[in-house]
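Novice: What Swiss-Prot shows for this protein is this:
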BINDING   G94, K95, V96, I97, D98, T116, T117, A118, S119, S125  NAD(+) binding site
BINDING   D121, D168, H252  substrate binding site
BINDING   D168, H248, H264  Zn(2+) binding site
Amino acid sequence: MNTRKIQMPREVYIGPDVIYETGEICKDLHLDNKVLVLTGPNTYDIAAKHAIESLENQDIEVDVKIVEKVSYDSVEEVSEMITSGTNVLGVGGGKVIDVAKLASYDKNVFFVSMPTTASHDGIVSPLASIKNPKTSTSAKAHAPIAVIADSKIIANSPFRLLSAGCADLISNFTAIKDWQLAHRLKNESYSESAASLSIMSAKMITDNVDSIKPGLEESARLVVKTLFSSGMAISIAGSSRPASGSEHTFSHALDKILDKPCLHGEQCGVGTILMMYLYGGDWKFIRDSLKAVGAPTSAKELGISDENVIDALTMAHTIRPERYTILGDNGISEDAAYELALKTGVIK
């Protein structure tokens with residue numbers, strides 16, 4: 001029987017001060033025995049302590065673990081803390097939520113996603129990004145049973161993070177082109193519904209760039225809802241294909257090259273300009289949309305060298321070689337990479 005499982009959150013809560021309802025929400029979901037709260041060193045004071053207080057007000061037993069990084073060691077360490085009857089609440093950015101996903105999946109318990117930023121679509125997807133000694137890889141996990149997104153907290157986070165989330169969403173445009181290309185040339189499985197949802201998510205950002213401003217609760221709410229729909233596209237597809245193509249392999253190549261990589265969404269945004277040019281698409285529209293939401297559009301704005309861009313472009317096809325993209329099996333030459341980056345203004 002050709003059966004496929006599509007995981008989605010049971011409930012999603014988005015709004016100002018919703019964090020103070022954490023205990024009631026977990027109680028309603030019958031996650032009221034014991035909760036392991038995972039958070040970061042900065043997000044404890046910003047958000048986690050309020051969630052913990054709300055849980056304790058509902059007489060829910062709470063353990064707390066500060067997560068410093070995403071690695072197999074940190075996931076294993078958290079997994080060992082999950083005892084019978086314990087569920088997981090991930091409070092923070094992408095790293096914390098990825099550890100929550102992986103550890104809860106390992107122990108087959110529920111987890112609740114509580115993002116404090118809206119910097120990428122991992123807040124709801126069933127996949128997690130985890131670093132190994134060479135690069136970041138996508139690991140299978142499970143979707144959260146619920147998402148609690150306090151739009152006031154997210155609006156008060158650095159605008160650069162929200163801008164990066166917008167750039168990550170805009171990158172769906174080239175991700176879908178790559179997926180369609182792989183479907184035509186390699187007969188790769190393709191989902192029209194997942195692709196349509198992914199493109200709709202990207203258009204929600206490009207159609208509303210003038211509404212995305214620093215400190216606005218409405219801006220945070222819009223981006224979170226759009227990241228949610230993009231994450232749902234990933235769930236429907238059963239892979240990250242709807243939101244990850246050649247622009248993401250460019251970003252992952254930069255991760256390998258740079259001692260201190262830029263934000264994931266920022267790198268993907270610049271990659272989208274480059275890959276849209278290769279497709280003969282409207283790369284200027286991509287560039288202008290990124291500028292409108294405050295995202296970088298050049299090596300200089302990313303704070304990296306021209307050589308870093310060229311190296312990443314020529315290396316990108318070696319990242320996830322099983323995933324066919326516009327870069328093909330053999331990639332592009334150094335001369336072609338230079339011309340591409342120069343013509344799009346990514347380098348000067």
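Cβ from N, Cα, C; glycine included.
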Novice: What residues, ordered by sequence, lie under 8 A Cβ-to-Cβ from G94 (NAD(+) binding site) and sit at least six positions away in the same chain?
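Specialist: Listed in sequence order, they are T117, S119, H120, G122, I123, S129, H264.
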Novice: Using DSSP with the three-state reduction, classify T117 (NAD(+) binding site) as helix, strand or coil.
Specialist: coil
Novice: I need the neighbours of the Zn(2+) site defined by D168, H248, H264. Which other residues of that chain put their C-beta within 8 angstroms of the C-beta centroid, in sequence order?
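Specialist: Neighbours found: H120, A167, S171, A243, S244, E247, S251, G265, Q267, C268.
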Novice: Within 10 Å of its Cβ, which one of these binding-site residues (D98, D121, D168) has the largest number of other Cβ atoms?
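Specialist: Of the binding-site residues D98, D121, D168, the highest Cβ count within 10 Å belongs to D168.
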Novice: Which one of the binding-site residues (T117, S119) has its C-beta surrounded by the most other C-beta atoms within 10 angstroms?
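Specialist: The most densely surrounded of these binding-site residues is S119.
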Novice: Counting Cβ atoms within 10 Å of each candidate's own Cβ, which of the binding-site residues H248, H252, H264 comes out highest?
Specialist: H248
Novice: How big is the Cα-to-Cα gap, in Å, between D168 (substrate binding site) and H248 (Zn(2+) binding site)?
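Specialist: Cα-Cα, rounded: 9 Å.
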Novice: If you draw a 10 Å sphere around the Cβ of V96 (NAD(+) binding site), how many other Cβ atoms fall inside it, taking every protein chain shown into account?
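Specialist: There are 28 of them.
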